[in-house]
Amino acid sequence: MSATFAVVGNQFQLDGQPFQVLSGAIHYFRVPRAYWRDRIHKAHQMGLNTIETYVPWNLHEPRRGEWIDTDMLDLAGFLDAVADEGMKAIVRPGPFICAEFNGGGLPGWLSDSGRIPVRGSDPRYLEPTLEYLDTVYGIVAPRQIDRGGPVILVQIENEYGAYGEDAVYLRTLVDATRSAGITVPLTTVDQPRPEMLQRGTLPDLLATASFGSRTRERLQNLREVQPTGPLMCSEFWDGWFDQWGDYHHVTSATDSAAELRTLLELGASVNIYMVHGGTNFGFTNGANDKGLYRPIATSYDYDAPLDEAGHPTEKYWAFQDVLKDFTDQKVGQPEGFHPAPTPQPREIARARFLSAIDSSNAWRRFTELPTMDQVEHYQGFMAYRASFAPLVGEQILEFVDVRDRAVVFADGRVCGVIERMDNQNSILLPGGTSSVTLVVEDQGRVNYGPRIGEAKGLIGPALISGREVTEWEIMPLPFEQGEQATALVETWENNNSSEPVVEPTLLQYQFECDQQNDLFFSIPPWQHGLLWINGYLLGRFNSRGPQKTLYVPGPLLRPGKNDILILEMGSTPRPRVAFSASPDLGPIDW
């Protein structure tokens, strides 16, 4: 049944009656589809009436014109699930979403290795952007509330005031949105600083704010810039994200609940970011670089009311206690966490990674060092190799930049690692070296700030003691599916489970299970690499922490035999696979 939703004075009104938006963020692309309805229902039970989601352009259109909307990328199915729960929906399609997501959601192909400026009026950026939005709005428009659907708000761009001030660009996005049939109110969101709020919106849009504390002050800042209209915090930060090499971030449930109560008592609407964070599966994590590169961890737990596995936390109950005072709907009591039995995997086979790629016929020759972007390989790994006259004595191999981690082999032996996280761009080669192979990992594209859109891989020229190395071979390594990795291997070595891993290695394990229960893969003793479960790329692991387990959703498992594939890009003296009874996201820094 259709309804009306509008901005009237200082209120939102649903069918002519005041409506306080009590929303929570769930990103459909970070949650297994089989769990969508469970997470939505639990958010409803907490006292929310609305679900908000971003839309990740780079996942939906990994190559221009190639649109994917199946399984976890079925935006229509997610919005329909929200409607079936009797809740409203907010859609934030970007095109930039930040979200600690790979490239802020912008496709790697979009910026042409950084040569095309993004988030502005450059026609080379705008043309594909408008094509993308038109496709998204084709899904969203028929699901608006005035057409019987759940969607009540659509956001234009995302915290644009922190990035640019191109009002023509924003107007172009608004015009495209309206032309595509979007009739619900349009919003923007920015941090509540006057200059950001002013740059990030237009007079006919509803400006909203993002914050997690000092609520009265932040709402007053918003009101000073926007004298009329409903007050709304479109990102009420109830936790924070984790980065590899950092602590696990948490916030006080009591303090967050108190801020939420203040917000709602002042009559503001809210979108809790996040009500359920989920997981950065595969290569989807983003990164920050404010002088020091820090990739986002695989877990996007966010210290949210529903944890990464969807179970209520202390914060869930604290927020529910607040929300029940601002809604007539009945709150619920979702079940808590119950550890599942942990299976015992056994090693089946292993293979040296360098041997696997060396024997491939997929190598391509270049006279100049190419980036990953230049060969249209926008995520994951790529191998480089070059040969030259034997070095006289030790010499330094140097690049302009390494993005982001390179394992270096000199004449087939591991020589060391170049880490962007440690601000490294060079390595010392042994005397006599006549060939190098570098396996370069894109650890996540920057999702915030001026380095959005930068190319990945080795950034040349490559120099050995000042002399340029110009003849290179490269091989993209598409690892989105486990079979893409195993297909590289011609010969597997069997039953070596007692032997240490001393160089990059692919390892196969198997285990049996009766039920599709969630599991938690123990990262120790592994150092750095990738984990596949039944061919699905679960994500990255890194001994730098903080997280010590990887969440394995039950729907990835199958009754009977299950396959594990590990790419260890470091070493470990005691390789073994184990599952923990509960998650461990690492040490906390209060």
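Glycine residues also receive a Cβ, built from the backbone N, Cα and C atoms like all the rest.
Listed features, source TrEMBL:
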type	residues	note
ACT_SITE	GLU159	active site, proton donor
ACT_SITE	GLU235	active site, nucleophile
DOMAIN	11-324	domain 'Glycoside hydrolase 35 catalytic'
DOMAIN	371-477	domain 'Beta-galactosidase 1-like first all-beta'
DOMAIN	504-562	domain 'Beta-galactosidase galactose-binding'
### Summary
Here the active-site residues are GLU159, GLU235; the one whose Cβ sees the most other Cβ atoms within 10 Å is GLU235
### Message
To the nearest Å, how far is the Cα of GLU159 (active site, proton donor) from the Cα of GLU235 (active site, nucleophile)?
### Response
10
#### Entry: Integer mean pLDDT for the domain 'Beta-galactosidase galactose-binding' (504-562)
97
